[in-house]
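Notes for the one structure printed next.
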């Protein structure tokens, strides 16, 4: 039996690690969830994701409620108060229970002397909630994004930035990819219906299904047998442009965790696929995905800037380059991105993408296709990146995705649509 732990203090410490130490929530959260009961795993995730999603608001409120912010060894208390405020604002947890559990969290973080302070701040918020929220709703913090990112979105999308921000602040839909080698989408939807769940097909992506209500993967018909994979609709769109074919040599570069590798093999089961990623630890997930789906590919650890180290002089018929990026198109799935990224990261990422593109292009056969993809919405990583590449690469030609002046296809995040995603299809003359 799992030891009873204070979830509020665990959430506070996790958020602190993200914001203060720059750690990814996807690395921090799973080990913490192993320490709590199945019932509490979902609440711990809700508290962590929710606080990170609304961090600007919670920070703003604390600055209004306290004369000076907690610092030094007491900094965790600042995040514990955030967890308390989040529960009062956004959850159905009865206020008395939210207060009691949050105040008790002070003991778990070895700050019992501050229980009275935490209780006082949260009760003060309850008394002043209406006027505080009215003031907050006229402040810049109401957009729940760091100012540098807000400025970039406003510049890139003067007409659409508010809808992008709004989508980023929502809970994401759950998209699935139906394994066409096992079932047609319609036949799998019938199985889903029999299981008491409802799904909606995507109009443009033939394998994509959106669940009406997110569900645990073990509840999905045939998940363990490889009938279905969790993958956002926009990520599935890569196959539209890559058009894998049996017998072709296909490189999936920056492949981890393997969602697109396995999609290639669902579309073209007899393709010769090489999956490469720089992160050896994340490659284990590529192996896991291949195993669950009963597929085979050549998996290698390697740096996209130095392909000769892992493929020699080999050339490919198709290359999918899912480039390392700011991930600004998937903020609704990973709200920690808002606080992990910095403005200075964008030119550094654009430089890295440029180096990988230049290095891998000679490994594409004449007449071959390279699909450049990112889960970013920033032009520096997307249309401007491809425009510059086309200008310096004489044998590269844009195909089907945009124009030389505005290259690529940019998806923006939407409530019933996929994540923010960019694709450019390039042909080697």
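Each Cβ is built from the backbone N, Cα and C atoms, and glycine gets one as well.
The active site, nucleophile annotation in Swiss-Prot covers 375 and rests on sequence analysis. Annotated S-adenosyl-L-methionine binding site per Swiss-Prot: 254, 255, 256, 257, 258, 259, 260, 277, 303, 322, in sequence order, evidence recorded as sequence analysis.
What Swiss-Prot annotates, mapped onto the structure for a quick look.
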residue: 254; record: S-adenosyl-L-methionine binding site; contacts (Cβ under 8 Å, 6+ apart): 276, 277, 278, 304, 321, 322, 323, 324, 356
residue: 256; record: S-adenosyl-L-methionine binding site; contacts (Cβ under 8 Å, 6+ apart): 277, 279, 282, 283, 285, 286
residue: 258; record: S-adenosyl-L-methionine binding site; contacts (Cβ under 8 Å, 6+ apart): 275, 285, 286, 287, 288, 289, 290
residue: 260; record: S-adenosyl-L-methionine binding site; contacts (Cβ under 8 Å, 6+ apart): 235, 238, 239, 252, 320, 322
residue: 303; record: S-adenosyl-L-methionine binding site; contacts (Cβ under 8 Å, 6+ apart): 278, 309, 310
residue: 375; record: active site, nucleophile; contacts (Cβ under 8 Å, 6+ apart): 234, 235, 325, 327, 328, 329, 330, 419, 420, 421, 422
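Spanning the residues 254, 255, 256, 257, 258, 259, 260, 277, 303, 322 that the record associates with binding S-adenosyl-L-methionine, the maximal Cα-Cα distance equals 19 Å.
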